[in-house]
Amino acid sequence: MIERTIFIENAEQLITLKGLSGKPATFEKMSSLSVIESGAILIENGIIVDVGTTEDLRHKYSSKIEEAECIDASGKIVLPGFVDPHTHIVYKGSRENEFNMRLNGATYMEIMNAGGGIHSTTSKTREATEEELFTESMNRLNKFLLHGVTTIEAKSGYGMDWDTEYKQLKVAKRLNEEHPIDVVSTFMGAHAVPKEYKEKPDVYVELVINEMLPKVAAEKLAEFNDVFCERGVFTPEQTRLILEAGKKYGLIAKIHADEIEPYEGAELAAEVGAISADHLLKASENGIKAMAEKGVVGVLLPGTAFFLMTEAANGRKMIDLGLPVAISTDCNPGSSPTVSTHLIMNLACLHMGLTPAEVITAATINAAHAINRANEVGSLEVGKKADILIANVPNYMQLQYHFGMNHTDTVIKAGEIVVQGGVRC
Ligand code: NIG
Ligand code: FE
């Protein structure tokens, strides 16, 4: 946060998403963008001071504006900086060889069960020094910023031994301290059963519960606790044990649920009171309804279905059933090696049936709800953090209409201009 007054004015559309901070948006509220035409926003010391029409704010704050740094957003839209609520950005290496194998007919789970996939990135991440991991993850974070992302969640889970999980969590903490993007940490020791425990998965579950979770909590290394609940990975029973144990340490539950096969992950998310359940490609209608009833956010990952060449989650139906939906890149080296929030939004429209307005809600305020940050970010309202994206399009529909493009012009993070004209300041 810096001491500076910024006045953004003349926005063709100022997309505020007002009034959605209390609980995640559902049904028609997902289209309630509260757009102000010829919009303006006044920022002081990193915080939003007022939001309105350019005419009103110029009148109300004429002397302050004389001293302020003014940004003319004519021809552009202004919206909250994007929140990415599900990433695995702290990892080493890449897996283009597996991409090639999949294009030659192998499946994601076959590759993983043969010792590749998550295990392959785990080996490389175990070998990497903390510095190497930091540098590689920092590069990814820089690219996210250029796409207008101002808050990101980052999971551990490429260690599956304490030393490496610790190393990943420390890197996430350093990224949060040293990079403008806010990095929110999730412990995911239960990302897979490590090779050493292949024949005794319950012993690994005990290790996560009795040794790793207490250490994560003692050093406050994470806010969330996530499990890959999938046939051949962790069962719903094991997932329940790990998430309930985490809750005792104050860690909020998340689940990678029903991604490859129906496995009652959505039902479990509702039962344990998870803040979100993510993926949900194969979630049952009852599971979605149970989540909706409990206000569990469904985090949909259109890039993952696209890259794994599978049918996307039915986002349209989920919204129509009352589920609050968020979207995310799922940035990771195996199933979604991308940082393009813009492409993810395009895919949410084109492959999941969300409308352009719903997609914006899913990438901002509902994404903030999925990581417990809706009181701070995700909408442009008085008192919130000045995390703002100015996009180079005259209306929000063009964000999705011109697909596969990065429309970022300016990014303001906590009142500081960090990207201008699409390049890092
Ligand atoms: O969210 N599904 C499990 N975890 C990641 C993929 C991790 C990997 O393949 O490296 C996901 O898609
Ligand atoms: Fe994931």
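Each residue, glycine too, has its Cβ placed from N, Cα and C.
Of the residues His147, His179, His191, His351, TrEMBL puts just one in the 4-imidazolone-5-propanoate site with Arg95, Tyr158, Glu259, Ser335: His191. Binding site for Zn(2+) per TrEMBL: His86, His88, Asp330, plus His256 from the candidate set His256, His402.
Nearest by CA distance to Arg95 (4-imidazolone-5-propanoate binding site), out of the binding-site residues His86, Asn332, Gly334, is Gly334.
Broken down by DSSP into helix, strand and coil, the domain 'Aminodeoxyfutalosine deaminase/Imidazolonepropionase-like composite' (39-61) contains 7 helix, 13 strand, 3 coil. Of the listed binding-site residues, namely His86, His88, Arg95, His191, the sparsest CB environment within 10 A is found at Arg95. Close contacts with ligand 2, defined as a Cβ under 6 Å from any of its atoms, occur at Asp330 among the binding-site residues Arg95, His191, Glu259, Asp330, Gly334, Ser335.
When the Cα atoms are compared, His256 (Fe(3+) binding site) and His191 (4-imidazolone-5-propanoate binding site) turn out to be 9 Å apart. Selection of the binding-site residues His86, Arg95, Tyr158, Gly334 by a Cβ distance under 6 Å from ligand 1 yields, in sequence order, Gly334.
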